[in-house]
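Inspection log for the structure reproduced underneath, given as structure tokens.
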Amino acid sequence: MKQNAKISLIGSGNIGGTLAHLISLRELGDIVLFDVTEGVPQGKALDLMQAGTIAGSDIKIKGTNDYKDIEGSDAIIITAGLPRKPGMSREDLISINTGIMKTVAANVKKYAPDAFVIVITNPLDVMVYVMLKESGLPHNKVIGMAGVLDSSRFNLFLAEEFKVSVNNVNSMVLGGHGDAMVPLARYSTISGVPIPDLIKMGLSSNENIEKIIDRTRNGGGEIVALLKTGSAYYAPAASAIEMLESYLKDKRQILTCAAHLQGEYGVHDLYVGVPIMIGKEGVLRVIELQLTAEEKALFDKSVEGVKKLIETIK
């Protein structure tokens, strides 16, 4: 009988718990749910295993406060870190979460150096960079969850605008995971037809698409403003699962993720959202799109924002 993959989730908050539930339902592998708060991962693991019995899932879930339990993990998803609170500057958040990420990275290096690592913790582009540098893992095995989520938001808003199924929509969002992200209408399609062509047919307008692009950029902020006490977790978790499944099943899907660039798009030693192919070796290749001068200018501005954030931790 084939042994299940071992998947460790670092952080047992809303995203961590949702990840565990989705992994269990899809039976992607056995789960280690880690958190520094005693009782929380153990309680959630028990609750999730009991939910699994109803769904017919035989996946094992272990809650723990001991990093040693992640030993030999095939894949690790990291959500540990503080959310940004009212009155907290971006710099404060970077400082606190960098400290947390360094601790996580040291333990990943010690116990699971062969794992494929997906980082979700914000500020994403900085945290995934810290994970790479502190863990010493190869760059093709460390990626950040960003573009899949941003594209899912863009997809939804486009589906609503054109009154079609989300299954008909494919969109592309590049750049940093923040306000300066670059949703690309030219590379986004409805059943293979590019958005600019649909505008020419009179099915939408440039003004409407620009509004959708702005709403996509503020997608996370819109949810934070509505929830008041937290941030999105269902869609971020579902996005990470898409990436995880492509790795575990060698699906070779092309997904937009924060990837470590080494000259692609003219970017060196930074994590930026670009389309990549994910398979059993991790990142198999970076897909380099041909950008117009205007798109490249927006992309470069987004990269500059990431660069400035990285400078704050050096």
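Numbering starts at 1 and runs along the chain as displayed.
The backbone N, Cα and C atoms fix where each Cβ goes, glycine too.
Swiss-Prot lists Gly11, Ser12, Gly13, Asn14, Ile15, Gly16, Asn97, Ile120, Thr121, Asn122 as NAD(+)-binding residues, and of the candidates Asp30, Asp35, Asp114 the one it assigns to that same site is Asp35. Between the C-alpha atoms of Ile120 (NAD(+) binding site) and His177 (active site, proton acceptor), the distance comes to 11 Å. One residue stands out among the recorded positions Arg84, Arg90, Arg153, His177 for having the most other Cβ atoms within 10 Å of its Cβ: His177. Residue pair Asp35 (NAD(+) binding site) / Arg84 (substrate binding site) shows a Cα separation of 19 Å. For Gly11 (NAD(+) binding site), the nearest neighbour among the recorded positions Arg84, Arg90, Arg153, His177, judged by Cα separation, is Arg84.
The two recorded residues, Arg153 (substrate binding site) and His177 (active site, proton acceptor), show a Cα separation of 13 Å.
Note on proximity: of the recorded positions Gly13, Ile15, Asn122, His177, the one nearest Arg84 (substrate binding site) is Asn122, by Cα distance.
All chains included, 24 other C-beta atoms sit within 10 angstroms of the C-beta of Asn122 (NAD(+) binding site).
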